[in-house]
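Novice: What follows is a single structure, and I will ask about it in a moment.
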């Protein structure tokens, strides 16, 4: 069954459209706008659901001349991700009004949240490299607004800036990767679909071969990995994710669980069939497992419940990336199934964290405990989802982690990777031990005794409780019958991301296998390590304190701080408000770039152009021009300087006449006269003589020589490139001027008939110059008038 | 610079410049010239007037209006007329480009007609590009004069 374009377009476009009218909606509905958002998300969910089972590409023409289209590909993998985004989006919108009660900036909040959801659905469905990049960066922009929601708080601003810098910066790597990919894809799938990812994925092997032939395979893989890794918070770019917890909790739940951070994972899965190889395995399995371990350790070191969950998210993203990194079909199964499981349990956990923070007023782990007495339903929800996160059988997380262990063990069977063959499984188990530890720590908030840190715990309202309860219910369903989820959507997702087809089966293991043993070690290790949680916590926290460069935050601060410092230094040097400084820098840079360009392309000044081979008349005129040029330099007063300069200009005009360019000569003459008049008008205001230091004279002299040399070399080089005789384009204009333009002055016919659009552009420039001078002078006198008053 | 020599010369030269500018403008399609050059030349004539007789001359002596000395230069009625002129020129240029659209031709398409047996001229050629060129002329004159008078007043 083919997908239907209107439905797909509506599912992507509706959130954006409603985001546009949110301010109006907010005026009418007030805080209930969240429920309207919930309806929108539900409609998107329904629309996407109606495409369930369909597979194919639909497209809308966008920039046909560049083969760019709004192209959407629907398959199991895209639907899984888009349904998660819209489904969890529905619950987040339902949860928000109660949580964000009485806060300001809600219209902006809901608009950004809707646009955020729309961009995520867009990334999931888009199948055109340019569209993907567009939606990809839109998610970054929306998350910037959402993370920085509390605009007054420094922490919020810092986190928003950091998220923006890392994810948008990563996106630029992705863009370069896309362009390289399209360069090669144009040869393989045809220039008409150079950006068509769906077409590329239909011929993955050919594309990989072509990439390798051009030597672009590793660059493309690396660039995509940086983009996806920045988005999905992989080590060493993991630091922005925990900082993003400065956002309101509903955003955190949406951002950390279901959507933006998973975009990278989603995309890695999407291009997996095309790029999977030994390099792929080494890159993604290593990065994923390192992220999983480092972030699991950091989650144990967290002091804030949201920080714990944020690091755990990064750790689980590492798990998914590692899963996709393993080249067997088990790897794809790990990635897809864990993406689903993690979205469900982590969204629920964040919503629970929101309830805890909202009802107790604190998020410090050390201050919380025994909450099951006050929040019994929340405790029940937490039990299901936290145990799923820990990977304890029979909860859903167990199955996908079991798949990871199997995939890690299988890795060495496909490629010969030596010691890594047993290192990968060992690291996976090591990281899982800490996963169990921090999951139990989160669950421990609800058991034990109540510390006396906070007074009364409120009961959460129904709309706060229903969304996590639904997610926990889904987790429970998958836990009881994982095959149900596999049949419903996971299998079709695996088909889209795996190279070979394989019928997937999961369930509680009934006999011993190495993976079962690894699970047993991880769980037992976690339970045994839990009593010494305090020691572990303090130990890990002590590491960055003793050696700050270990922490990625330190690097970010150092780099950004240095950039800001050097930017400020540069600004004071270059933008100091003096016209002559600007002129110096502009001219020097232009000369340096031009000369560097000539040097880089090894352009040589043609020898035959240097020599005296001119008409006596022309030679005489030019000699006078040279003398005038010298006289300008030696002129003792400004008036003499201007007058000698215009001698130079008039000589050039005469040169034009002799070189049979009367139009040019006429323009030169008239403009020269006008410039002379304007100079004379201005000169009256300039002081007669300046005191100038020797250093400045030297600097100006060097600069003048550089500018002159650049202009000289450029003229020599460009005149050498002049074609012999009349070219095709010159003949075209001379032949067509009379019959088509009705004029014998070819220059003017070109200006107004053939290239009228250029002339129109120049007119706009003249008009703009006049307007800006008017504006500048009116603004200045307005300001001066204000000062006088 | 209001010397007697300057004034006398200006009186003779300015009308000649205007005539030359007009002829350059009309001849532009077949001989050196055109809207841009004619525009710059016209501006030069105005510049000579300004240099010789001062900035307020046009308002006071030619148009017979009183000049309010305390007023901003950019609010002068002559300056207002200048920037209306370049706005008008831009409208003419864009408008002449839009006309072909009515006939289903691309934006800025130009054409021409040849008229035979016209009195005095006998043979006359009218190019639609002249309208566009007139727009160019107006923008150049209006724009440059605005700049000249506003900067000059400073």
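Using N, Cα and C of the backbone, Cβ positions are placed for all residues, glycine too.
So TrEMBL lists these for the protein:
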DOMAIN    A:64-110  domain 'NADH-Ubiquinone oxidoreductase (complex I) chain 5 N-terminal'
DOMAIN    A:126-414  domain 'NADH:quinone oxidoreductase/Mrp antiporter transmembrane'
DOMAIN    A:624-687  domain 'MrpA C-terminal/MbhD'
DOMAIN    A:698-777  domain 'MrpA C-terminal/MbhE'
TRANSMEM  A:74-95  transmembrane segment
TRANSMEM  A:107-127  transmembrane segment
TRANSMEM  A:133-151  transmembrane segment
TRANSMEM  A:163-185  transmembrane segment
TRANSMEM  A:280-301  transmembrane segment
TRANSMEM  A:336-357  transmembrane segment
TRANSMEM  A:377-399  transmembrane segment
TRANSMEM  A:515-536  transmembrane segment
TRANSMEM  A:582-605  transmembrane segment
TRANSMEM  A:617-635  transmembrane segment
TRANSMEM  A:642-659  transmembrane segment
TRANSMEM  A:760-779  transmembrane segment
Novice: Please spell out the DSSP helix, strand and coil residue counts for the domain 'MrpA C-terminal/MbhD' (A:624-687).
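Specialist: Going by DSSP assignments, the domain 'MrpA C-terminal/MbhD' (A:624-687) contains 54 helix, 0 strand, 10 coil.
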Novice: With helix taken as DSSP H, G or I, strand as E or B and everything else coil, how many residues of the domain 'MrpA C-terminal/MbhE' (A:698-777) land in each class?
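Specialist: DSSP classes over the domain 'MrpA C-terminal/MbhE' (A:698-777) add up to 68 helix, 0 strand, 12 coil.
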Novice: Six or more residues out from either end of the transmembrane segment (A:515-536), which same-chain residues have a Cβ under 8 Å from its Cβ atoms?
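Specialist: 300, 390-393, 398, 401-402, 405-406, 409, 425, 428-429, 432-437, 439-441, 509.
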Novice: Establish whether the number of Cβ pairs under 8 Å between the transmembrane segment (A:74-95) and the transmembrane segment (A:336-357) reaches at least three, counting only pairs separated by 6 or more residues.
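Specialist: Yes, the transmembrane segment (A:74-95) contacts the transmembrane segment (A:336-357).
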Novice: Over the domain 'MrpA C-terminal/MbhD' (A:624-687), what is the model's mean pLDDT?
Specialist: 85
Novice: Let's see if you can do this one: DSSP helix, strand and coil counts over the domain 'NADH-Ubiquinone oxidoreductase (complex I) chain 5 N-terminal' (A:64-110), in that order.
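Specialist: Per-class counts: 32 helix, 7 strand, 8 coil.
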